[in-house]
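Here is the structure we will look at, set down as structure tokens.
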Amino acid sequence: RYSLFYNHLKNIEESEGGLDKFTKSYKTFGVNQLEDGGIYCKEWAPGAEAVFLAGDFNGWNPFSHPYKKLEYGKWELFIPSEDGSSPVPHGSKLKVVIRAQNGALLYRISPWARYVVRDEDKVNYDWVHWNPPQSYIHKNPSPKRLKSLRIYESHVGIASPEGKVASYKNFTYNVLPRIKDLGYNCVQLMAIMEHAYYASFGYQVTSFFAASSRYGTPDDLKEMIDVAHSMGITVLLDVVHSHASKNSEDGLNQFDGTDSCFFHSGYRGNHQLWDSRLFDYANWEVLRFLLSNLRMWIEDYRFDGFRFDGVTSMLYHHHGIGTGFSGDYNEYFGLHVDEDALCYLMLANHMINSLHPECITIAEDVSGMPALCRPVAEGGGGFDYRLAMAIPDKWIQIIKELKDEDWNMGNIVHTLTNRRYEEKYIAYAESHDQALVGDKTLAFRLMDAEMYTNMSVLMPLTPVIDRGIQLHKMIRLITHALGGESYLNFMGNEFGHPEWLDFPRIGNNESYHYARRQFNLTEDDLLRYKFLNAFDRDMNKLEERFGWLASPQAYVSEKHESNKVIAFERAGLIFIFNFHPYQSYVDYRVGIETPGKYPFLYRSYKILLDSDAGEYGGHQRLDHNTEYFSEEYPHNYRPNSIMV
């Protein structure tokens, strides 16, 4: 794999003048404004017989501005300025006109288009030339690379209690302060790359270089990122390079009139489950397109890194369809692995690390591909983190299938600690996947219909709500502290957002009722959502103070099946969980590593975070003034212990 990567890199150096020049193509392809006022256009359309530019600027004459054919399927056009002003004004609508091999004229949006919009009375998007007289100027530097990532997974369009598509401006001034207050230091933005179908959650991308116009302008997004940086918040983009929408009128599909171009032709070029097109990662121009795309988002918008979606689909020719992964190495090495796709991911990470070493990359891979998060120089994939995707599945399985008294402590600990050596994992109890219609969030699984009637503090605390609130906090804390080297939460789930997430579509009469986040629920002092919100905030603030995510893996001293107790140490803290449905304990001995004595006194421990505290909706059964003194009394293979 490293040899394949190195050969690609060597070819780029020899034929393109280096990776830096190769990935700057976003500045020359598409339609670009020159300093002298002229316009330079460039496209790759290997299957085209002729290429033209048409739009408002030439009265939509499809033949007045022909491109000149270059080598390797490239085409270029220069439109000079007559008086120093641009011949294609800002806001002009444009189309690339392709004469296909069968003679048909195809009106296409450039794959490199920076801004596309859809009028309310139209189905398809229009390409609009974006060249404002004064672009947004970033005022704040990007935050330094974080040691502990606490990620708030977000979707701009649903980030409002109102039933509508919310805006970049709304996120900037209403949501970012909330994220900061909750103690998250990183926001991961979904559905930013333009997608014609809103209900696709942003995973059916049509214009890869365009920020979604349904939330506002490119400058609005730049301002949003700039304000996040002013708060010390790192901003990651959920990038979709695993597949593309099948749309041809306003997407990449059949751009030059052929079945291939950016994609494999025939069966290999189609994803059978997603009904989308699959990139040909062995194609030189596809590599240019995708690598330049990453660089544009970093350099133009100042994103601080990426979460790569659908990596499992990229890594294997079977795309993970109907395939289970047990960890056997035969599952990761063989002819079923798409080495071209893997090589692209290595190139992408190498480029990002070389040109922007402060940036972060995350892989969404369910298969557990070995070395995916090891350096490219070691033959690894080069990612910084991978998502611990088994953890949310485990919590769902436990809650769905087991009685409380049947919870297996050893199995929970195994799932939370089962990760590849020296590869960093992002732990999460649930993400957007569990919030979507057809699934249930943890809160809704735990409390279900009673969330509609019994979340008021004026109502008696029912056993269902009591159990749900307590387990919601405990599941999040143990996942946060034991599950990885970073933590992720999907917006709204921190306070147990009720119901599910469903975008407007024909199946729900185009309703926005479930395509929103009811942040107002935490602001109502009479509702119990405030307890979960406060616990999530204080949990993050405690991690910020002690940095357990950046510390070595925890030492688990106890996973007691009959007592339902889990105890472990990490970052100088002791974490103790009692999952027993009805049994509490007095004078419970817990083993610890840290020596108990200083020269003249014993070291004591105090409670820093207590899920049973009143401010978190607990029963206040513990006295926070109590000091717990350690003893030189070995317990559970630890040299010291405390009684709690």
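Note: Cβ is positioned from N, Cα and C throughout, glycine not excepted.
All annotation found in TrEMBL is predicted automatically rather than curated by experts.
Quick caveat, the model's predicted, so the values are computed rather than measured.
Proximity of ASP309 (active site, nucleophile) to non-local residues of its own chain (separation of 6 or more, Cβ distance below 8 Å) is seen for TYR203, ASP238, VAL239, VAL240, HIS241, SER242, GLU364, given in sequence order. The feature active site, nucleophile is assigned by TrEMBL to ASP309.
Per TrEMBL, active site, proton donor is recorded for GLU364. In this view, GLU364 (active site, proton donor) is surrounded by 19 other Cβ atoms within 10 Å of its Cβ, with every protein chain counted.
If you look up TrEMBL, you'll see 162-478 marked as domain 'Glycosyl hydrolase family 13 catalytic'.
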Mean predicted confidence [pLDDT] for the domain 'Glycosyl hydrolase family 13 catalytic' (162-478): 96
